[in-house]
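Accompanying notes for the structure given below.
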Protein chains: 4
Amino acid sequence: MVTREELNEKPEANEHNLFEAKVLDKGFVRLVDMMGDDYAAVKAARVSYGQGLKTPERDKALIFYLMEHGHETPFEHIVFTFHVKAPLFVARQWFRHRIGSFNEISQRYTEIKEEEFYIPENVRVNVPEDRQKAVPVEDEGLLEKVKDLMVKSFEESYKVYKELLSLGVARELARIVLPLSTYTQFYWTVNARSLMNFLNLRADSHAQWEIQQYAIAIARMFKEKCPWTYEAFTKYAYRGDLLEA
Amino acid sequence: MVTREELNEKPEANEHNLFEAKVLDKGFVRLVDMMGDDYAAVKAARVSYGQGLKTPERDKALIFYLMEHGHETPFEHIVFTFHVKAPLFVARQWFRHRIGSFNEISQRYTEIKEEEFYIPENVRVNVPEDRQKAVPVEDEGLLEKVKDLMVKSFEESYKVYKELLSLGVARELARIVLPLSTYTQFYWTVNARSLMNFLNLRADSHAQWEIQQYAIAIARMFKEKCPWTYEAFTKYAYRGDLLEA
Amino acid sequence: MVTREELNEKPEANEHNLFEAKVLDKGFVRLVDMMGDDYAAVKAARVSYGQGLKTPERDKALIFYLMEHGHETPFEHIVFTFHVKAPLFVARQWFRHRIGSFNEISQRYTEIKEEEFYIPENVRVNVPEDRQKAVPVEDEGLLEKVKDLMVKSFEESYKVYKELLSLGVARELARIVLPLSTYTQFYWTVNARSLMNFLNLRADSHAQWEIQQYAIAIARMFKEKCPWTYEAFTKYAYRGDLLEA
Amino acid sequence: MVTREELNEKPEANEHNLFEAKVLDKGFVRLVDMMGDDYAAVKAARVSYGQGLKTPERDKALIFYLMEHGHETPFEHIVFTFHVKAPLFVARQWFRHRIGSFNEISQRYTEIKEEEFYIPENVRVNVPEDRQKAVPVEDEGLLEKVKDLMVKSFEESYKVYKELLSLGVARELARIVLPLSTYTQFYWTVNARSLMNFLNLRADSHAQWEIQQYAIAIARMFKEKCPWTYEAFTKYAYRGDLLEA
């Protein structure tokens, strides 16, 4: 366990840390705690045979075998807790993943601080061929115009939010004027099986670009902590198109 | 099963229906389909004893016994599908209930229509004693001021949304300027056990007033379809403070 | 809903029914209730686009599209309740499927009746090449010997069970002498997504032969009730090797 | 993480360990790994307010507040992995707890060893007043008779099992003659919220005596690792009648 002091540290405190990634303009993913590793999956799988760990070569081979044949339960014994800061529209997509535990900052109990809004650094456009698709465009002029419109809109919404609060309106009601770009924070505890499912859907070009960035950050931490499982996953079970072994 | 035509009907079409409730200014809850009833719970419970239905008196008594003693699994065999239209901040609270199935309208694939924003008809204020509390106040002047601020803010945000779309910006990116008051729609399939848990948390004065209204609408439909289960629930298992037997 | 009388009927009562299948020597699968059908998945999926049903051709095409692209949530709105009678070793495999609801007959509360044991009608042997494999052999002499050994063993165990009961020993303790071949009964409520996952794992030659028979019976009922979903499933998502489109 | 060598150690190796308990005549519960502690729940809860740890007094008070008011999600961020050896009839009750991960030894892949059967050291009888109840009796003569009948029955069943194997019958088929007293082993990963639910149902006099013993062993480890949570649980949320603060 980390100490009391470390727990309260801001993620910015040591940004060289592999397990704290800045994401988007003001967001982050931080690995707070974890349990198990590649060997935990091996042990859980070998209990089926009444056996334990063998040589590293055979243990790694078992992980590849499990992944190739869709035996996913042993990976449920590897568990991660992440602290995430992300815009609301990203959090909404994230919370659709039901196998896992969430605790989120409450806008009913806390006041939103100024400038806690996501400002994009790229622009995507819809294309006529496929209405589900959003394609990035390189157009500095357009980007500046979009950012300018958004910043002004966020400032305006925030001004109304503050005005409502100053009238005595409850936070839970005042916040309904805030935009979907507002940042939120949450703890997410998830096992490796459910995490891989998250990567399948979100580390993929069909997902919205913003949640892709979070998925990639999480994939890197996963790879670092469970290198064999990650390698086997990208080889046999990954259905997305952004990650490489 | 309802017919093809009925399925496509708007809920407004027959608003005398017990199973279509208008909620808030533009929202609704509609019972789309259901499976089982009080007897389904009785049958599932009696399988434990290798028995089936008995007299209505004994069947009802069994439901009361199950509820009193916390035997909740038999109620999982009663299942409901609701079609819900609610503001995003309500949907966000709703989707935290993980035991159930959701399919939601996508703001990435569809354009938000004008005036699809929730305008409150009452105002709540925070109180110094308890920062989790929001207390309603009767103050017509304040309400008018709040509504005025909100309507203008929503119109402003919507104008920016449309401007971004007209610049060619993808829907998934343009929508991040939209407020949390924006209405969304979703299908929710949930069993009676999970529904009762929803009522425990949301048909309660600690929940936000807006989601309370949805919970009450759902409670009424539940009571109509499963009168014994509802009566036993409010008697023995309900922990909220808004529903009555 | 079926009537009160039908609910208490024995499955043997109308065995021509497509939705009551005899399985193994004394087991059965009976579809007790269901909610939704192919159209329910279509509606749930179309809510994403703010749309409803279209033509049958387009509705069917949507189901194939969803299945091909791994969009599985719309199928969660189709729900089945089955009444199953199966040997304990089959039930143990079945209950590992966590997304679903089970209510089972209790051996603590009810006395096991005579001859409620599974007697196999085929014999499988292990092979040296693959210790997970069990291969059927055609050997009438061996089969008779095996059945003879089993029947005697079951009778012997049952005699001890009855003797323990006659000594006043509690059912919960006496039953520990009973074999894994003992039949049990349970209600299983499961949505179509979880049911398809069950078929992937159990309607497959790697599953034990006995549970394969139950999976095949369930697949037939599923096909009858949701023909488009079944066809799309076997075409795009089925990973087993026993079912055909 | 424990080392490779420790992982393969038998639980017998250090039985003074608080986190390895012998249960029944041949069973055990061993805490293999865990993540989080009382502070993990505090941190997850405080994220709601955008805050972290405070003083131990206030942190402990928060845990009591959460438990008293039924706010259970913060406890999902504390996770345990147990290695359990228990008779099949106990495992069957255990696996009904769906929120958690199981990997079990397979009787299809491994041969059951001799004398791996549970022999009770007490006898319970059913009482006429309540057919769900089993009451322990002090009767040495009866106990000896019961044990004698059981031991002989288990030996007889095991003999048939071995005979079937010697005939070449596959393990998956031969094992169906084995009794419910046969020991099995499994890994169980479970969060503290689900573990407390397990204790509510199994550390209770209505549960079968044998699973009570496992629940008590687990409660002791839980108390040792999360003393505040345990104290708050027994004070506010525990519905059973066997545990004390």
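Quick reminder: no glycine exception, Cβ is built from N, Cα and C everywhere.
What you see is a predicted model, and the numbers here were worked out from it, not measured in a lab.
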Given TrEMBL lists D:GLN93, D:TRP94, D:PHE95, D:ARG96, D:GLU104, D:ILE105, D:SER106, D:GLN107, D:ARG108, D:ARG175 for dUMP, the same-site residue among D:ARG131, D:ARG193, D:ARG202: D:ARG202
Could you check what DSSP calls D:HIS97 (FAD binding site) once collapsed to helix, strand or coil? coil
Which chain-mates of D:ARG202 (active site, involved in ionization of N3 of dUMP, leading to its activation) that are at least 6 residues away have a CB under 8 A from its CB, listed by sequence? D:GLN93, D:TRP94, D:ILE211, D:GLN212, D:TYR214, D:ALA215, D:GLY240
For D:SER106 (dUMP binding site), which of the three DSSP-derived states applies: helix, strand, or coil? coil
Give me the CA-CA distance between D:PHE95 (dUMP binding site) and D:GLU104 (FAD binding site), in Å, as a whole number. 10
Between D:ARG108 (dUMP binding site) and D:HIS97 (FAD binding site), what C-alpha distance do you get in Å? 23
Among D:GLN93, D:TRP94, D:PHE95, D:ARG96, D:GLU104, D:ILE105, D:SER106, D:GLN107, D:ARG108, D:ARG175, D:ARG202, which the record lists as binding dUMP, the farthest-apart pair of C-alpha atoms sits at a distance in angstrom of 29
Rounded Cα separation (Å) that holds between D:ALA192 (FAD binding site) and D:SER106 (dUMP binding site): 27
Most distant Cα pair in Å, residues D:THR73, D:ARG96, D:HIS97, D:ARG98, D:GLU104, D:ASN191, D:ALA192, D:ARG193, D:ASN197 binding FAD: 27
Cβ within less than 8 Å of a chain A Cβ is the test here; which of the binding-site residues D:GLN93, D:PHE95, D:HIS97, D:GLU104, D:ARG108, D:ALA192 meet it? D:GLU104
Just counting, how many other CB atoms are there within 10 A of the CB of D:THR73 (FAD binding site)? 21
